[in-house]
Each structure stands twice: as C-alpha cells, then as structure tokens.
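Peer 1: Attaching a single structure in structure tokens format; questions to follow.
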Amino acid sequence: MIPQLNRNYAWAIALGLVARSSLVSAGPCDIYASGGTPCVAAHGTTRALHDSYTGPLYQVKRGSDGATTDIAPRHAGGVANATHQDTFCAGTTCLITIIYDQSGHGNHLSQAPPGHFIGPDSQGYDNLASAIGAPVTLNGQKAYGVFISPGTGYRNNAAKNTATGDEAEGLYAVLDGTHYNNGCCFDYGNAEVSGDDTGNGHMEAIYFGDLTAYGTGSGSGPWIMADLENGLFSGFNAKNNAEDPSLSYRFISAAVKGGPNKWAIRGGNAASGPLSTFYNGSRPNARGYNPMSKEGAIILGIGGHNSKLTVGSSISLRATTLCCTTRYVAHNGSTVNTQVVSSSSSAALKQQASWRVRTGLANSECFSFESVDTPNSFLMHNNFVLLLKSNDGTKALHEAATFCPQLGLNGKGNSIRSWSYPTRYFRHYDNVLYAASNGGVHKFDNPASFNDDVSWVVSASFA
C-alpha cells in the first residue's frame, strides 16, 4: 500500500479480479485498517473486502418482473455467490442496481443522476451495468465484475466521512486492463456533490485510459492517472510524467493518494507482485490544485460532472469566454451563431439553441449534432463557416458534419474538433460560429482568446 499521508481516508474497489490459487490472508480493507486508515467506502462485486464481511456485495434487478435480490459472499470474506445470481436471472436479463459499501458507512453506489451532462437513460440518468458483463474466476469460483460501457455510471452525492477540502485520502481499485478508451472519463473516486463542474481541484479520482488531451505517461497508454477536475494528471508536470508507464496487464491494481500539496500514483499487476510508485511528490504545477477543494461525493465509471456525450441525448452549448457566458450555440435558418438564451426565452429560441447528439455521420467514434427544431438538419462546416444543412446523404456532408469532443482547451467543458479538419474547432467569433484553427489566414483563426472561444459548457438542452 502507499505510505500514509497524515490523517487519511481509504477507499477500495474490486470490480474484477483475475483467477488466483487462493485469496490473500487479509482483505484490502483489513490491510488499510492495520495501517491506521480504515476504509470509509468499500465497493466490490467479486469478493468481500473485509475478512469478516458477510453482508450484501451488490443488488441485481431482473428484467422480466422488476424483482431484485442481493448477492452476498459465499462465506465471510469470500467470493461472491454468482450461483445465486445465475439462478435468479435465468431466462431473463439483470442489471446491477446497487453496489453496496462494505465499510459500514452506508456509502452505497446507485444509478448516477443527471449532472452537468445528462445520461442516456430515462430522466437523464446514466445506464446501469449488465450483471453478466464482466465474468471472472477467483479462487476457482465464478464471479461477476462491473463492465462500464460509455454512458454507464454510478454515484453517491451524499457520502459520509469522505475527504473534503484538502484532507488526505487514499483510493484503490482493481481494473480490467484491456477495457479502456480515450474518452472522458472512466473514474473511481471523490467528486462534486452537485454533479456540476465546480472548478479545478474539486475532485480526486483514479482514471484509467489513454486520453491524451491533458496529462500523459510514457508510451501510448493506457495509464493510471488522477482526475482532479478539468484535467487528468500523471505527476507534477501537467502534460507528461515519463515515469508513469503504459500498462498491459490483464488486470491492474491502481492507487491514488493525496494530501496537502502531496500526492502519489501507484500501480501494478493485480495477479501477482507488488505495486510500483509512478509518482510521489507535489501537487500538479497548475492553478487550483493546491490546496485541493474536494467535495466528497463518490463516482464510478464517469467524470465528476457526469461527462460523456451520449448518442440520443439533447444538449445546449454555452460559451466560456468571459464576454459571452450567457450565449449559446443557436441557429437562425441556416446561419449558426451564438445568442443569449435563458429559461425565460421564447420557446422558439430555446429550440433553436438545442441539439440532439447523434452517432457521427462519417465516423461512429465521434458525433454529429442535429437541430431539435429542424429534424434531419445538422451542424456542418462549409469553407470553415458553420451552417445548418439538411442531410443529403452525401459523403461530403457526412464528413463536414462529424465532430469529436475533447476536454476544453481552457480547462472548462469541451472543445469540439472537426473530424474532417482535425486542427479546426467550433469557435465563436463576432458571435458567428466557425471551424477555426489556432492561427491562420482567416480572421476567425486569430489566436487571441482561442482556447476560451473554442471551449463550451455542455448542459441539458433548453428544449
């Protein structure tokens, strides 16, 4: 385990474990407790995280009749009773509805509600995970981990006894080393209680993936990093830590610890061997992270403000440039611009400023944005001017109407990059929308305030 940092809160999660000859003689939370830092949250669907734990690990809900049942370990400290789940779910589907906290603090995880970003399920909630998505074998016994697909997430915004402000804490997780992507963000840890982005340093969570928009490690990833809100960090340098290696183990142990102006990343093979230290030092060299402003909610599978564009959802896009934070991307006929929109605006304007997220017309890894009030018409660029145009089915339009979001270049929200012209982003310039580059021959390519002008806060749509 990681060396202790003053007063500490320990969190543990074990959602997928590799087959091993036997369980270790002490559970992860027993080990933390022996070091004077008992778990305040302990989530695991494959096994008990305390040797003495006999309570429920998780709850599943049956698709055929909506009935639920709890899955417990076979014996104190043991592997989950997958046989009970298989019997209960026979002939139908099951979802994981609750992941219980084994620490005794009641910090259970349930379906994440809508936050800064809305989810794909009803009323904007995130999806629940399939109960059979991540089968594993532990100590010769079948168990099920939690398979997190994009749009799946769990959360507790009222967690008890978790670290807040600049208090110290430790986070530990066992993860599937083959299941990751470059989206933002697969996290487990401490996040905002509101589900909104409340600023740098307001969360501290384990991240695993190969997103390169902010921090990176050596090689091409995936890496263990820390999501501290508005940035993924691998060390002191906000851009790169060459000591944070790309990992290729089938199952990975990941740990992040943080205290006042000190934090650490550790990781290793979950099947055997010790953890290695990838970083141990001062907080990142960026504003807002020293001191930290942690809020104490718990998340799994999502970013602190529920970040992940979801196909089928409806969104509005707000400018983040200081001059223009009440202005949203809207259209007037085929012209795309920014307009001041609020809850008191007309119904017509609210619709003009609302967009449905669709699978990218040219690339399914990215997105296209369909007008709410003009169905089958999409945002696209023509001579780098953004327009609203009806989908004529042509390859040219599909490419011009496909965009790839990434973390906002100014640290806020998202920047939306053209798939067909990867150096160009959604930008407002004189209140008109362009596909602009950071410097170039066009007036709208002016590098002044570029990062602010291409960063957008994504929220639930006005209509």
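Note: Cβ is positioned from N, Cα and C throughout, glycine not excepted.
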Peer 1: Swiss-Prot annotation: CYS94 disulfide-bonded to which of CYS39, CYS89?
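Peer 2: Among CYS39, CYS89, the cysteine that Swiss-Prot links to CYS94 by a disulfide bond is CYS89.
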Peer 1: Using HIS428 (substrate binding site) as the reference point, find which of the recorded positions CYS39, ASN81, CYS94, CYS184 has the shortest Cα-to-Cα distance to it.
Peer 2: CYS184
Peer 1: CYS89 (disulfide bond): which of the recorded positions ASP227, GLU229, ASN383, LEU433 is the nearest Cα neighbour?
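Peer 2: Spatially nearest to CYS89 (disulfide bond) by Cα position is ASP227.
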Peer 1: Does DSSP give ASN280 (N-linked glycosylation site) helix, strand or coil?
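Peer 2: Reduced to three states, the DSSP call for ASN280 (N-linked glycosylation site) is strand.
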Peer 1: Give me the Cα-Cα distance between ASN383 (substrate binding site) and CYS404 (disulfide bond), rounded to a whole Å.
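Peer 2: So the alpha carbons of ASN383 (substrate binding site) and CYS404 (disulfide bond) sit roughly 19 Å from each other.
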Peer 1: Could you check which of the recorded positions (CYS185, ASP227, ASN332, CYS366) sits closest to CYS39 (disulfide bond), going Cα to Cα?
Peer 2: ASP227
Peer 1: Which one is it: of the recorded positions ASP227, GLU229, LEU433, whose Cα lies the shortest distance from the Cα of ASN81 (N-linked glycosylation site)?
Peer 2: ASP227
Peer 1: Sequence gap of 6 or more, Cβ distance under 8 Å: name the residues on the same chain that satisfy this around CYS404 (disulfide bond), in order along the sequence.
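Peer 2: Same-chain residues close to CYS404 (disulfide bond) (Cβ under 8 Å, separated by 6 or more) are GLY360, ASN363, GLU365, CYS366, PHE367, ILE416, ARG417, SER418, TRP419, PRO422.
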Peer 1: Counting other Cβ atoms within 10 Å of each residue's Cβ, which of the recorded positions CYS29, CYS39, CYS89, LEU433 comes out lowest?
Peer 2: CYS89
